[in-house]
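The block underneath contains the structure these notes are about, expressed in structure tokens.
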Amino acid sequence: MLLLLAEFLQQFYKGFAVFQYLSLRGILGVLTALTLSLCLGPWMIRTLQMRQIGQSVRNDGPQSHLSKSGTPTMGGALILSSIGISTLLWADLSNRYVWVVLLVTLLFGAIGWVDDYRKVIEKNSRGLPSRWKYFWQSVFGLCAAIFLYTTAPSATETTLIVPMLKDVRIPLGIGFIVLTYFVIVGSSNAVNLTDGLDGLAIMPTVMVGGALGIFCYLSGNVKFAEYLLIPYVPGAGELIVFSGALIGAGLGFLWFNTYPAQVFMGDVGALALGAALGTMAVIVRQEIVLFIMGGVFVMETLSVVIQVASFKLTGRRVFRMAPIHHHFELKGWPEPRVIVRFWIITVILVLIGLATLKLR
């Protein structure tokens, strides 16, 4: 939006041309979303408290969590509003990738909002029934996949890239739709499963989102893409603005979500942010890199799958409780230790993911 204004004002003062630079608009995206999140956070927390929109805590979980009962939830709306406003202000709104990522994020956030609303406002412990949650996730995920497939200008944008193997590129054809569906929906649910401790999900999301922003910036520049032997995706660089907005909104939210949390993001935030990561990775053909960098999300998801499968097949549980962060809590780890160690793991995995840019 402001880019259009800057282009108009260039005829009066050439200095406004500086807003053409993606790097500047990415930084402004961070600062705008961060400011919005920090300024609106206290108001949102007070509003949630007044409306008694608080988290309910399971009795069979770690006893330390009982003190969290009543903590305001649905704070993900703060993240999404900050991301949305910042992106609309600083991104090129004629870029189709910006709209795809933004709409997927908001639509998955809407699913989470309905789920949270039914749990917290209507006091329905089931929330949105799983079949309906997965149905709408599938609808939105498939719509995004089909759109990206049908509008792909070249086969490069529907090819699976294998990191560190520069000559291995697998044309997916219609299989691109299937892969995209699973990446977006899988990422959405993986982040949601991880969101069980104060700050546990948001910081890895910020780190992975920032790294994907770097991939988007490089993939959108033909010279960088050719030098690094990564797919050149025209227009993908504009997603650095969305990535910046995600970083700023996430850090602003973490200010209030750090242990002991003043607010939780709820499904409205977790489902949306996971879908955003998946969509960005698909656009720049870095699904495998997302799998690496989002290793904490993968670990959390696998722990649930293993726990459920083991109990159904043998009647025994592999972990004391799933997702796995609760397993470590029940082993006696203090909550901050679990959180920070998972952050450290994410830092390492993100660095490995970024290293694949040169290891080819």
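Cβ atoms here come from the backbone N, Cα and C positions, even for glycine.
Proximity of distant same-chain residues to the transmembrane segment (25-45), defined by a Cβ-Cβ separation under 8 Å and at least 6 residues beyond the stretch ends, is recorded for 3, 19, 72, 75, 77-79, 81-83, 85-87, 89-91, 213, 217, 240-249, 251-253, 255-256, 262-263. Feature annotation from Swiss-Prot assigns transmembrane segment to 25-45 (among others); the stated evidence is sequence analysis.
What Swiss-Prot lists as transmembrane segment is 73-93 (among others), and the listing cites sequence analysis. Sequence-remote contacts of a segment are chain residues at least 6 beyond its ends whose Cβ falls under 8 Å from one of its Cβ atoms, and for the transmembrane segment (73-93) they are 1-4, 25, 28-29, 32-34, 36-37, 40-41, 44-45, 48, 53-55, 99, 102, 105-106, 109, 112-113, 116-117, 120, 202, 238, 241-242, 244-246, 248-250, 252-253, 256-257, 263-270, 272-273.
Annotation comment: Swiss-Prot describes 97-117 (among others) as transmembrane segment, evidence class sequence analysis.
Within the chain carrying the transmembrane segment (135-155), a Cβ under 8 angstroms from the stretch's Cβ atoms is held by residues 96, 100, 103-104, 107-108, 111, 171, 174, 176-178, 180-181, 184-185, 188-189, 234, 271, 275, 279, 282-283, all 6 or more beyond its ends. According to Swiss-Prot, the transmembrane segment annotation covers 135-155 (among others).
According to Swiss-Prot, the feature transmembrane segment maps to 170-190 (among others), an assignment based on sequence analysis.
Under the heading transmembrane segment, Swiss-Prot lists 199-219 (among others), citing sequence analysis as support.
Taken from Swiss-Prot, the feature transmembrane segment covers 236-256 (among others).
Annotated transmembrane segment per Swiss-Prot: 263-283 (among others), in sequence order.
For 288-308 (among others), the entry in Swiss-Prot reads transmembrane segment. Long-range neighbours of the transmembrane segment (288-308) within the same chain, counting only residues 6 or more positions beyond its ends whose Cβ lies under 8 Å from a Cβ of the stretch, are 160-163, 183, 186-187, 189-191, 193-194, 204, 207-208, 211-212, 215, 274, 277-278, 281, 317-319, 322-325, 327, 342, 345-346, 349-350, 352-353, 356.
Residues annotated as transmembrane segment in Swiss-Prot: 338-358 (among others).
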Paired segments the transmembrane segment (236-256) and the transmembrane segment (338-358) in contact, 3+ CB pairs under 8 A
no
Counting Cβ pairs under 8 Å that sit 6 or more residues apart, are there three or more between the transmembrane segment (170-190) and the transmembrane segment (338-358)?
no
Would you confirm whether the transmembrane segment (338-358) and the transmembrane segment (97-117) meet the contact rule of 3 or more C-beta pairs below 8 angstroms, pairs 6 or more apart in sequence?
no
Do the transmembrane segment (199-219) and the transmembrane segment (97-117) come close, with at least three CB pairs under 8 A (pairs 6 or more apart in sequence)?
no
